[in-house]
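Student: Got these off TrEMBL a minute ago, pasting:
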DOMAIN    321-373  domain 'PAS'
DOMAIN    376-428  domain 'PAC'
DOMAIN    448-597  domain 'Phytochrome chromophore attachment site'
DOMAIN    668-930  domain 'Histidine kinase'
Amino acid sequence: MDVTEIKPTTIQPSQTALVEAIPDTIFRCRADGTYLEVKPAKDTHLPFPPNGFLGKKISDFLPQALAERFLQAQAKAIALNEIQTLEYQLPDSLEPDARLRNYEARIVAMGADETLFIVRDITERKRYEAELVRRSRHATLQSEISLSFTQSGSLNSLLQRCCQSLVQHLDAAFARIWLLNANNNCLELKASAGLYTHLNGNHASIPVGQYKIGRIAAKRQPYLTNNVFNDPHISNPEWARQEGMVAFAGYPLLVEEQLIGVMALFACHPLERSTFNTLESIASQVAIAIKREHAEQATQQLTYALQQAQRIAHIGNWEFEPSSEVITWSEELFHIYGYPVGRVPTLPEVLNAIHPEDRDLWLEAVNQSVQQGIPYSIDHRIYRGDGEMRYINSRGEAQFDPNGNICKLFGTAMDITERKQVEEALRQQFLRQRLVNSILERIRSSLNGEAILKTAVEEVRRFLRTDRTVIYQFNPDWSGRVVVESVGEEWIPIIDLDTQDRCFQQTYVQLYQQGRIGIVEDVCTADLHPCHKELLNSLQVQANLAIPIFQNTSSTKDRTAQTKSNRLWGLLIAHHCRGPREWQATEIHSLQQLSVQLAIAIQQSLLFEQAQSEIAERQQVELALRESEARERARARQLALTLRELQSTQAQLVQTEKMASLGQLVAGVAHEINNPVSFIYGNIAHANDYIDDLLSLIELYQHHYPQPAPAIQQEIEAVDLAFLVEDFPRLLQSMKEGASRIKEIVLSLRNFSRLDEAEMKEADLHSGINSTLMILQHRLKEQTQRPAVNVVREYGNLVPVACYPGQLNQVFMNILTNAIDALEERCQQERNFQPEIRIVTEWASGAAFENAELGDRALIRIVDNGRGIPAQSQKRLFDPFFTTKPVGQGTGLGLSISYQIIVEKHGGQISCNSQVGQGTEFVIEIPTRSVRL
C-alpha cells in the first residue's frame, strides 16, 4: 500500500490536547490491522519511528499468535461496539538480551472500519501485584499453619497439613518434616506432601549428622541454596537434574536450643530471600507447636490416668440438710479430707478446713448457687486432718421443695492436687523459659555486659520471688566484690558493703571450681563454716543458692592446635531473707542454664571491651601521629615563612642599598650640573644687555650711514643682518628657558635624592609627587607606540606632613611606574586609547589610626585607566616577590616595600581598588603627626 494514500488523522484540533495528555501509546488502525496513526507515550520508546508503522499491519510487528489475538479482539470491539482489553508481553528492545515487559491494550471501536489501540506499560503494576500476591500467600501460609495446630487431630496429621500448605502456597516440589527420636538419635519422617507423599524409603529414618537433613540437625543451622545442581551436599545429583530441582531450604526445628526435628522442601524454581525468611519463621512456629503438642499429649495422658483413678476411687460425694445441719460424707471423701471414716465433721469444721484465702470465695459460690438455683464448681485449697494442704474441685447444687424452699445441698469433691502441680510445673516452665529468653534477647541485642547482668539479677529475683539476687566476681587472689544487685526495699543493699568472706578461699573455692552448687535451705541449721555463717547472718540471709559462673578461656599456639579451659569467674547468688526456703530442682536447673548464658555474655562483653580498648589505643596512636605530623608541618611552614621573610629582608636591603647609592649618585650629578647651569643662567642677562647695546649701535650706524660701503653691504647680506637682529633676542630667551628647565630638573633630582634620609621631618607631599613626575617625564611623554600620558593633578590644600620624604618618593615612584606599565600594555591592546593618570590629594576625617587624632591624615589617590588587576591577584598584591608582570620585568618587591614604608614606617594605610578593564586606584593614607613604632 502507498503510505501517501493513508488519510490524515480524524482527531479534531479541539481533541489534540486531550490526546496528548493521555500517558499511553495510541495506535489508530483499520479493521484489517493496518496502522493509520501512532501517538507514542512520552516515556515509551518504540522500536520504530511513529511513521514507520504507517501503512503496515499488526502482523508485521507482533508475533503471529499475539497478532491474531489483537485482530480477534479488534473484530469483537467493532462487532459489539464494546471496549476489549487484553494483556501481553513484549521485549523492551530488539537486542538479544532484551527483557520482557507487560502491556495492557484497550481496543475501542471508531466506526465500522477503524479502532483505537490504547497501550499502557503495566510492568511495574504487575510487579507490585506479584509482590502483593507473594505477601498474601506468605501471610495465608502462616495463618493456615497456625490454624492447623489449633485443630483437632493427631500430631502426624497436623504436620501433614503443614507440609501440604507449604507445597500449595510456595509452589514447592515437595515438603517434609522429620521429628527427632531421642532414643536412637535419628530423624523419623512424619509428614510428606507434594511430589512424594510416602513416608517409607531411604529417608524414612536419618541418623543425626548424615546426609543433608542429618547435618542440618547436627549443626542446628539452616541450609539454603538456589543451585541444587551444583550443591556438593546433595546425595543424588542425577535425580535432582532429572526432576528439575533448583532450590532447597532446610531448617532445624528448635525450642530453647533443643532439637525437635527438621523441616525441608525442594522447589523447581529459585526462592526469594523473603521466602527464606518466611520459612524460617514457619520453622520456629512449627517447632513451638510440636513442643506444645508434646506437652499437651503428656497432659492428656496424665489427665486420662487421673480420670481412671477417679473412676476407680469413686469420687467423694456429700449432702447437707440446712434444717438439721446434718452432713453426710461418702467413704472416699473421708480419705480426701484425711479424717477417720465414720467421724462426720460439723459445718464449722468443714469451713475451717478450707484455706483462709479461699473461704470467702467458696461461700460466695455456694450463696450464688442457692440464690440463683444453678450448680457451682470451684477449685480451692483445704487442709487435711494431718495438716497437709491439698487442692480439690468442689461441685454442688441446691435442691428445692415445691414451695421453692431449699431442702438440701449435695455435691462432689475431687482431689486435683496433681493437676495443680502439673499446672504449677508448666507455669514454672513458662517462667523459666521467659527468664532464659529475656537474657538471650538482651545478649543478642547488646554487648553491654553490665546492662545484661543487671537485667539478669532483676529477672532472677522476679522468677524466684526471693529477696536479693547478686552476681559476685572473683579477683585473682579469690577475694571479690558484688558487681550487680537486685534487692527488695525492706532488705539492706550489699553492693557497696565490704563482704569479704575470710574462710571462703580455704573452704569453698575448690568446690565451686569443680562445678559444685551452693545450696543452703536454712542458715541456722546448715553445716557451714562459722565465719561463712557469720557473714550470711550479717547480710540477713536465711537461705542461700549459689551457682558458679565459668568463663571459657582459649589459647592458640598455632593454626592447627587449640586448647580450651574453664575459669571460675564468679557466682550467681540468690538470698532468701524472710525465712528458710526449700530450693526446687527446677529453680536450680534454671539458674544453671542462666549461668551458662551469662558466661557467654561476659565473654562477649570482655571481647568487646578489649576491641574497644585496642581501637582507643590505635586512635590515640593515630592522634599522636597526626599531632606529630601537624607539628612538623607547622615547623616546616614556620621555616618556609622565616626563609621567605629572610629572602624579603635581603631583597629589601639590596633594594635600599641600591636606592641609597642612587640617591648619592643623583645628588652628586645634580650638584655638578647645577654650578655650570648657574654660570650660564647668570651670564644670559649680561649677554642680553650687551646685545641690546650692539643692536642699538647698528641701528644708529644705519641711520647715519644709510649707504654703507659695498664690502659692508655685501657682508650685511651674507650674514642676513635683518634676520640676526630679529632672531638673536629669541635665541637668548630660549637659552634662558633651557637653563630654567635644567634648574628644575636639578631641583627634582635633589628632592628625589633624599632616599637615604633616616630622620622623620616635615615635607611637602606635593613637592615629592612633582619631583617623581619630573624624573618620569621621559616615560610620560609621547612615544612612537602610544600618545603622551595625560597627568591630572588635583592637589588639595595640604600642609607639610611629618614623614620620611625619600621613602615616600620611592613609594610614589613604584606606584607611578606600575601605572605607566599598565597604561602601555592597554595601549598595545587598544589603538585609540588615551592613557591618563589622576593624582588627588586631600584631607580625610575619621579615626582610622590608633595614634592619629580625628581628621589628622592626608590622602593621596593615584588613579590610572589601565587594564586593571584581577581580584585573585589583589589579595596577594603586597606579598613579597609577587608580581603580575612577565618573568624578567619585575622583582615583586616594589609594592611590598611600599606597604612596609606606609604601614610600618609611617603608621598609615595603603590599599588598592581595581576592576579589570576599568583601571586601578591606589589610596595612601598618612597621619600628619609623627608615629612612633
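Cβ atoms here come from the backbone N, Cα and C positions, even for glycine.
Keep in mind it's a predicted model, so treat the numbers as computed, not measured.
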Student: Report the mean pLDDT of the predicted model across the domain 'Phytochrome chromophore attachment site' (448-597), rounded to a whole number.
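Tutor: For the domain 'Phytochrome chromophore attachment site' (448-597), the model's average pLDDT rounds to 81.
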Student: Taking helix as H, G and I and strand as E and B in DSSP, count the residues of the domain 'PAS' (321-373) in helix, strand and coil.
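Tutor: Its residues fall into 31 helix, 6 strand, 16 coil.
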Student: For the domain 'PAC' (376-428), what does DSSP give as the number of helix, strand and coil residues?
Tutor: 12 helix, 30 strand, 11 coil
Student: Reported in the order helix, strand, coil, what are the DSSP residue counts of the domain 'Phytochrome chromophore attachment site' (448-597)?
Tutor: 47 helix, 47 strand, 56 coil
